Amino acid sequence: MPGYDEHVGAAKMVAMLVAPLITGLTYVLTGDPWLAAVGLLGSGLVVVGGMAPDLDSNSSIPRRRLVAVISSLLVLAIGVFVGRYWELLVAVVEGSASERLPTVPPELLVVLLVAAAVTIVLAKTDDGLQAILPAHRGLLHELAFWVGVGAACGTGLYVAGPALGFSPTATLYSAIVLPALFLFGVSVHLVQDGEIV
């Protein structure tokens, strides 16, 4: 069974073939260099797609990277929340803890509570993923699952494109090409694993 290096290597080789083809074809058909750049972004998605099915394996490199990214984003979210509502948090802690802990500054208590929350997030992120993805070669090794993910992402791009200032052509192109290239990477992985013959 291929490992991480084989999956990433195959996805990179496919991406190196696909990127110039998609980018060049897009430029020839549209004459828009910015739209052609979507092909370059898509080549990165081929590589990400080539790793994605192994996110359900506890010991895999993609899983460890995903845990690090999710943990970092959750810690960042806690930091943003605390920064936004610092005064309110201090007031709540000051009101509820002033009688029980009269000598401890409420700011210190808020910092300690935030540190506890960050510690819990860092300790439990992998456990949460394990609860969602309990078995390797389960849901994430089903092409139908990834087609659904691709359709949802494509729909999201199509809906969000105008709000982001994309032209109608760029919106439609991105909504079709980017998920398709990601699915291409997933397909490379599943072919290597023998899931698609």
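Glycine residues also receive a Cβ, built from the backbone N, Cα and C atoms like all the rest.
Since we're looking at a predicted model, the values are computed, not measured.
Taken from TrEMBL, the feature transmembrane segment covers 9-28, 34-54, 66-86, 106-123, 143-164, 170-191.
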Other same-chain positions with a Cβ less than 8 Å from the transmembrane segment (106-123) and lying at least 6 residues past its termini are 71, 74-75, 78, 82, 86, 89-91, 93-94, 97-98
Near the transmembrane segment (66-86) in space but 6 or more residues beyond its ends, with Cβ under 8 Å, are 55, 110, 114, 117-118, 121-122, 125-126, 129
